[in-house]
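Worksheet: one structure, shown below.
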Amino acid sequence: GMEIAPALPASLRPPFGSGLITERMFLVALSFAYFAKALTGSYMKSTITQLERRFDISSYLIGVIDGSFEIGNLLVIAFVSYFGAKLHRPKIIAMGCLLMAVGTFLIALPHFLIGRYKFETSVRPSVNSTNNLSPCPASSHRALSPRSLSSGPATGCERESRISMWIYVLLGNVLRGIGETPVQPLGISYIDDYALEENAAFYIGCVQTISVIGPVFGYLLGAVCARIYVDVGFVNMDDISIAPGDARWVGAWWLGYLIAGFIILLAAVPFWFLPKTLPVPVDKKKAEKVPPECTSFIKDSPRLEPKWQADEPNGFFEMAKDFLPTVKSLLGNPVYFLYLCVTIIQFNSLIGMVTYKPKYIEEHYGQSTSTANFLMGTINIPAVALGMFSGGVVMKKFKLSVLGAAKFALATSLLGYFLSMFFFAMGCENSKVAGITVSYDSVLFVTCNSDCQCSGRDWDPVCGEDGITYVSACLAGCHSSSGSGKNMVFDQCSCIATGNQTATAGHCHLRKDCDHIFPYFLALSVITSFIISLGGTPGYMLLIRCIKPQLKSLALGFHTLATRTLAGIPAPIYFGAIIDTTCLKWGQKSCGGRGACRIYDTTAYRLVYLGLTLGLRTVSFFLCAWGFVVLRRHVRREERTALTNGGSAGAELEANADQSPRASEQNSERETRL
């Protein structure tokens, strides 16, 4: 029933009018789907530090979870590209959106299974009395020691050990990856098959623009949710002793996933009602009658999947036989091979950097998760979008040749690289934490707190009057406390030498040099993001123009596949693993065992994070220079043959040059996905 219904009216329909309406409908639906997937992807990136804290996992594991999206993508990309084109494309996109929505809801599921979030505290405030437990349990009062594990934490223990809850996040992300796969190749090919040539480029531009807006809203949603406490509505907020800037704070990360999942569900709806085919416009019919050597320019457009439409009778095995030799000849093209290597290395650098950038802003400059996400959405992403758009404009305005495009891409890349060096200078020194970054006398347990039975493992920092953070009130040698929640004050702290020997709950925020340098960091961040993304579109055009037209689809498909496998998956994993090495103090899980990192060695973090980003780019420039030499030789050779053959090669380049608006397409998609 469903299949026949849309096909029936096609014959009764006026040949073009209502087809155009459906075409516009499809465009709106596809734009919204792009928006939804970009929003969810960037929201995922925005919750990284909160997921670490909530599930007590290291950055390395977060990298694995982050890369699982790409794994889901790769599982099905071949099937979708091959069979999708033969089936009902809008319906397959709808199913993809449904899968994405299910995956997104699955990510939020653990919140409803896991119980309340218990952050580490060394003092459990009782609400009724003003003078609560002494922060310094004397040796005789062993019972009061928070580490004598009462029945409370132990029960939480058994529940958590049954299944690691982050597995759900991983699985949800894999499902998101599987569901996202058909949206781009099938959506773009649908537009390409049924839209007029001049409209198609404009439509694809529309879809891309929308997908740049998605991440802005994703990060803003991240900023809003990070301000709301994780168990909002279930706990009395007055008892919560931590503020959003605290290393143990977890926002309502699950809320954003529910909202994003709902948005994707909405995106799926219109695709169910769109027809399998539209009337083919007149200019496409004319194109069929063109002599065969021209068709490759007219019909072929950069598209993720090779154009194996149903009209090829020779079947799958014929194609499979062709496949390996074709890939061989592609990789045998030195320009393409070097381009592939350069972009893979640059993407490793880019994806690793973008994934942990909000974390860097939090850990290094002491900003809250909410602020970091807000800045990513309002400052960083728009700069990238503007850069890519401007790159396309420059290409068109100055009609850059292949070599011109290569020079432009290389120049912007180098400029961005040298400017990025200044990030090394924009550091803050470590925050002062007694026993970790500054010594009491180089050890955690000293005479001033020796009369207390302290657990060295707890992370429940207090800020002394002396501007030094102590790992817990007990380790600051405090003997009494008053107030509750965030307003707790500790008195008679024997380790604090100055003033009235008082301390307040929470980490110290007295890092003047940090707050002073942070605006400069943001400004440089915007400028470098803009400059680096300027070269995106021209670099992409290079790829399209240096390949034989009949190999173009495969070249693009293979490029996407290679960057996803060799950059999208590994980069977050090894960036995370290396960032983990700079941790100074790991949190404790409620049952013991290593949790999330509470404090990093700021300087080491900066050197490792920036060093890795820039180190990879340094390597890529050596390959770039080599590629440039090869390309120049290639272009000279083309020019020589053009002179002998009466300018046919020149015409070939011209024919390809018209496609620049369409070319910016996947490039912007790739960058926004980050």
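A Cβ is built for glycine as well, from the same backbone N, Cα and C atoms used for every other residue.
Annotated features, as they stand in TrEMBL:
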TRANSMEM  16-36  transmembrane segment
DOMAIN    26-627  domain 'Major facilitator superfamily (MFS) profile'
TRANSMEM  57-80  transmembrane segment
TRANSMEM  92-114  transmembrane segment
REGION    130-156  region 'Disordered'
TRANSMEM  200-230  transmembrane segment
TRANSMEM  250-274  transmembrane segment
TRANSMEM  336-354  transmembrane segment
TRANSMEM  374-394  transmembrane segment
TRANSMEM  406-426  transmembrane segment
DOMAIN    442-497  domain 'Kazal-like'
TRANSMEM  517-543  transmembrane segment
TRANSMEM  555-579  transmembrane segment
TRANSMEM  608-631  transmembrane segment
REGION    643-674  region 'Disordered'
COMPBIAS  657-666  compositional bias 'Polar residues'
Who are the chain neighbours of the transmembrane segment (374-394) in space, where the CB to CB distance is under 8 Å and they lie at least 6 residues beyond its ends? 42, 46, 212, 215-220, 222-223, 357-358, 361, 367, 400, 408, 412, 522, 525-527, 529-538, 660-661, 664, 667-668, 671-672
Under 8 angstroms for C-beta pairs, at least 3 of them, ignoring pairs fewer than 6 apart in sequence. Is the transmembrane segment (555-579) in contact with the transmembrane segment (57-80) by that rule? yes
Between the transmembrane segment (517-543) and the transmembrane segment (336-354), do 3 or more CB pairs sit under 8 angstroms, pairs being 6 or more residues apart? yes
Most Cβ pairs under 8 Å to the transmembrane segment (406-426), of 200-230, 250-274, 608-631, goes to 608-631
Sequence-remote partners of the transmembrane segment (200-230) [C-beta within less than 8 Å, at least six residues beyond its ends]: 27, 30-32, 34-43, 45-47, 50, 54, 111, 117, 187-188, 191-192, 237, 240, 244, 249-256, 259-260, 301, 368-371, 373-374, 376-378, 381-382, 384-385, 388, 659, 661-662, 664-665, 668-669, 672
Hey, which bits of the same chain come close to the transmembrane segment (517-543), Cβ under 8 Å, at least six residues off its ends? 335-336, 339, 343, 350, 365, 367, 375, 379-380, 383-388, 390-392, 394-395, 400, 402, 405-406, 408-413, 415-416, 419-420, 422-423, 426-428, 555-556, 559, 631, 660, 663-664, 666-668, 671
Let me spell it out: take the transmembrane segment (250-274), skip the flanking residues so only those 6+ beyond its ends count, and list any with a Cβ under 8 Å from a Cβ in it. 6, 22, 25-26, 28-29, 32-33, 35-37, 39-40, 43, 46-47, 50-51, 53-54, 90-91, 93-95, 97-98, 100-102, 104-105, 107-108, 110-112, 117, 119, 218, 221-222, 224-230, 232, 244, 369-370
DSSP on the domain 'Kazal-like' (442-497): how many residues come out helix, how many strand, how many coil? 6 helix, 12 strand, 38 coil
Rounded mean pLDDT within the domain 'Kazal-like' (442-497) lands at 75
